Amino acid sequence: MMGQNQTSISDFLLLGLPIQPEQQNLCYALFLAMYLTTLLGNLLIIVLIRLDSHLHTPMYLFLSNLSFSDLCFSSVTIPKLLQNMQNQDPSIPYADCLTQMYFFLLFGDLESFLLVAMAYDRYVAICFPLHYTAIMSPMLCLSLVALSWVLTTFHAMLHTLLMARLCFCADNVIPHFFCDMSALLKLACSDTRVNEWVIFIMGGLIVVIPFLLILGSYARIVSSILKVPSSKGICKAFSTCGSHLSVVSLFYGTIIGLYLCPSANSSTLKETVMAMMYTVVTPMLNPFIYSLRNRDMKGALERVICKRKNPFLL
């Protein structure tokens, strides 16, 4: 009987964003512009790091993977949202919904681990500059990236398999713009306690601990910089750390609020807005905060442009 109930749901209906019909076109144009900005910004970073040998360093290895993760993270949800806004067809097949959830978790978790690796890289570079090359060896950097991919793959698969075992009966309306894990659990008509416990326990390992490690790394960085009597260096460091921490806090804060500390009286509108912060806004901001405004990336862009104009220039 349970298997029959589960297979009775062949698709889900995504309600999308709670916007008025007269605002549909404006919102579509806005989200399309944000998505294209995310794609172009992150693709530019990946291409520049690939083409410029000056950027073949640990920090830019992490940045290129972060850009790829951001690009994919947005592509998991935004194209479907834009499609639904255009053709007014909110349905998504059951298998596609679980697939979307899997890749959403995969690239979201991957970003979490990569942000930790980048914070550690900056911590070593600023606090132990003389030992940076020895500590951040190519083997360690590749191992950190590979470990991030492996852990996130298994974590996303765990949640997807746990979700696939649940039964979904009559209600197939998801009050969200993508197949969110918490929204799907609310629709299940079977026991979800195992899923909820796994979310809470694994969430602490995947989200809370990385967030605390990042805060600790930047705290040590600030402490180290304050010991140097240079007002210009202090201002620059606080500007950089402040911008990084603002994006990190936006990403982790919304995820912790939604999945680990959900409010009993939280509205669908509030949850949707919070989800937009880390699915749309953060991937769009990351290229500008971490890469495109720094001197190395600007220099790489100039060198690539010069080579295009003069192919014989070394």
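Using N, Cα and C of the backbone, Cβ positions are placed for all residues, glycine too.
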- request: Would you confirm whether, in Swiss-Prot, Q88 and D296 belong to the same side of the membrane?
  value: no
- prompt: How does the topological domain 'Cytoplasmic' (50-57) divide up by DSSP, counting helix, then strand, then coil residues?
  reply: 5 helix, 0 strand, 3 coil
Statement: Secondary structure of the topological domain 'Cytoplasmic' (121-139) by DSSP, residue by residue, totals 16 helix, 0 strand, 3 coil
Message: Neighbour count first, Cβ atoms within 10 Å, every protein chain included; then name which of C97, C189 tops the list of disulfide-bonded residues.
response: C97
Long-range environment of the topological domain 'Extracellular' (159-195) - Cβ separation under 8 angstroms, sequence gap at least 6: 2-3, 5-6, 8-9, 11-17, 76-77, 80-81, 84, 92, 94, 97-98, 100-102, 104-105, 202, 258-259, 262, 268, 271-272, 275, 279
- prompt: What average pLDDT is reported by the model for the topological domain 'Extracellular' (1-25)?
  reply: 72
